[in-house]
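Enquirer: I have a structure here, written as structure tokens, and I will follow up with some questions on it.
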Amino acid sequence: MAARQQTKHLFVTGGVASSLGKGLTASSLGNLLKARGLRVTMQKLDPYLNVDPGTMNPFQHGEVFVTDDGAETDLDIGHYERFLDTDLNGSANVTTGQIYSSVIAKERRGEYLGDTVQVIPHITNEIKDRIRGMAGRDVDVVITEIGGTVGDIESLPFLEAARQIRHEVGRDNVFFLHVSLLPYIGPSGELKTKPTQHSVAALRQVGITPDAIVCRADRPIPPNVKKKVSLMCDVDEEAVISAVDAPSIYDIPKVLHAEGLDAYVVRRLGLPFRDVDWTQWDELLRRVHDPANRVTIALVGKYVDLPDAYLSVIEALRAGGIANDAGVDVRWVASDTCETPGGAAKALQNVDGVVVPGGFGVRGIEGKLGALRYTRENGIPTLGLCLGLQCMVVEFARNVIGLAGANSTEFDPATPYPVIATMADQMEVVAGRRDMGGTMRLGSYPAILAPETLVHELYGCLEVRERHRHRYEVNNAYRQQLEAAGLVISGTSPDGQLVEFVELPRSVHPFYVATQAHPELRSRPTRPHPLFTGLIRAALLHRCPPIPLDTEPVPTAR
């Protein structure tokens with residue numbers, strides 16, 4: 001029997017500045033390697049001291065991406081899942097907080113046998129265990145993105161661990177990819193390489209020499225500049241990759257492929273590979289850049305000043321557009337602007353559909369309710385997600401049933417009509433008697449759909465699984481009243497105790513649907529989520545005159 005090939009490790013580092021697109025570069029390379037027939041998994045090492053981003057301010061961190069096993073992770077894990085078209089788990093995101101918590105717990109249990117616990121070897125060994133834990137019999141390549149920028153104090157233990165991994169598994173089994181910035185200086189009309197040179201020098205100071213450099217720039221990089229980077233940073237000229245700003249993130253795999261990055265990596269690591277078949281990806285890009293139709297979808301949210309707070313929602317909308325051969329123009333609507341009927345009418349004027357995403361806290365809630373009342377009364381296709389479902393129920397209770405003051409106990413503990421209430425197992429958290437972090441209803445849970453409902457039609461089955469992140473639920477004491485007034489409870493947990501989906505009948509509204517889950521987390525560009533596909537289809541039909549929907553099915557993964 002042939003010996004199993006050693007799992008290869010590819011580390012992605014960043015230099016000069018943050019937000020260069022390390023995650024997208026790593027995701028796109030993973031996409032290319034998978035298209036070449038390799039089995040790829042990915043991991044993000046985050047240098048912050050938080051255990052996870054679950055309690056971090058969305059304005060600072062962006063969205064929290066929840067995996068099937070309930071881990072609250074960095075938004076880059078969402079990029080990994082979408083580009084690899086695979087489900088990852090909590091081991092895909094490692095933070096300094098997790099590492100130190102684990103090491104300190106082991107020290108308290110006496111596992112270090114009286115050793116003086118230090119960054120080297122104890123912290124670095126813990127990091128290495130997490131990295132090597134991603135390898136396995138069914139994995140050819142582990143791509144590990146090291147967060148932060150080379151030179152940051154917080155990143156040093158992760159870089160040292162990566163250096164040691166190379167020493168332990170062999171240099172032929174490890175590849176270091178450095179993503180750096182080539183800034184353009186207007187007065188001189190030049191792309192400058194010096195920041196990248198200093199960045200690579202800083203990397204060398206910790207014992208790492210990059211095998212390839214991805215040069216980010218806002219304009220094409222001339223051959224003489226690439227040659228200079230090659231010479232001064234001591235990498236092969238073919239390993240200097242030009243990554244100019246792309247119109248769409250889904251262009252990046254083709255950009256990197258055209259530069260030869262994937263071919264260089266597989267040759268350098270001695271991996272077997274096949275050629276990439278671009279047929280289906282090209283059709284996806286055609287729908288991205290030259291769609292047959294366009295729709296405008298309003299996103300009514302609390303954190304619209306930072307679009308990354310809703311990254312997966314936006315990508316799910318775009319994927320729903322791809323499925324319908326439609327471009328999606330997102331109108332960012334701060335929920336506060338919709339508190340009055342006039343404000344909602346102005347903010348939502350001429351939109352073809354609305355999505356009300358998740359969130360926490362009372363700020364902006366009355367605006368979400370105002371937006372939902374406007375879309376319900378005016379027949380505008382609407383999709384509610386998590387908090388969006390709760391707001392749909394509150395708005396319906398107030399304005400259809402007539403329960404004045406109906407609310408969620410999250411926003412008004414003294415409400416006379418608590419149509420949304422704290423889940424039983426969350427009472428101690430809300431009361432402050434348990435930790436807040438990592439204690440919500442997290443991860444993938446099943447739901448049973450009601451036959452002949454819109455969600456049943458969209459999913460095409462009666463049992464589904466979706467990812468969740470919430471503490472509050474529809475109060476069962478009001479379910480009978482809600483249903484009697486016309487709100488359809490179209491999906492529940494298998495035991496019937498938790499409301500998972502609500503909708504209005506199509507005889508009343510063309511598309512008014514909400515879920516307690518976060519379906520955006522399971523959407524892929526090549527496998528759009530049915531709820532978002534349905535929203536975009538309804539938005540196209542809502543336009544006047546209706547646009548013919550003669551599109552082919554969305555392309556599947558290569």
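Just so it is clear, glycine is given a Cβ too, placed from its N, Cα and C backbone atoms.
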Enquirer: Look at the CTP binding annotation in Swiss-Prot, where D152, I153, E154, K192, T193, K194, P195, T196, Q197, K228 are given, and name the residue from S18, S408, S444 listed for that site too.
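Expert: Record source Swiss-Prot; matching candidate: S18.
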Enquirer: Starting from the L-glutamine binding annotation in Swiss-Prot that includes L387, G388, L389, Q390, E410, R471, which of G359, G443, G496 is the extra site residue?
Expert: G359
Enquirer: Given that Swiss-Prot annotates S19, L20, G21, K22, G23, L24 as ATP-binding, name the residue from D76, D85, D87 that shares the site.
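Expert: Site partner of S19, L20, G21, K22, G23, L24 for ATP, according to Swiss-Prot: D76.
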Enquirer: Check the DSSP secondary structure of K192 (UTP binding site), expressed as helix, strand or coil.
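Expert: The three-state answer is coil.
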Enquirer: Find the one among the binding-site residues D76, K194, Q197 whose C-alpha lies closest to that of C386 (active site, nucleophile).
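Expert: With Cα distances computed to C386 (active site, nucleophile), the winner among D76, K194, Q197 is D76.
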Enquirer: What is the average pLDDT across the region 'Amidoligase domain' (1-271)?
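Expert: PLDDT averaged over the stretch: 93.
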Enquirer: At a 10 Å cut-off from the C-beta of H518 (active site), count the other C-beta atoms across all protein chains.
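Expert: Result for H518 (active site): 23 neighbouring Cβ atoms inside 10 Å.
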Enquirer: Report the member of K192, K228 (the binding-site residues) whose C-beta atom has the most other C-beta atoms within 10 angstroms.
Expert: K228
Enquirer: Using DSSP and collapsing to three states, where does E520 (active site) fall: helix, strand or coil?
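Expert: Assignment for E520 (active site) reads helix.
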Enquirer: For H518 (active site), which of the binding-site residues D76, I153, K192, T193, T196 has the nearest Cα in space?
Expert: D76
Enquirer: I need the CA-to-CA distance for P195 (UTP binding site) versus E145 (Mg(2+) binding site), whole Å please.
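Expert: Cα to Cα, P195 (UTP binding site) and E145 (Mg(2+) binding site) are separated by 21 Å.
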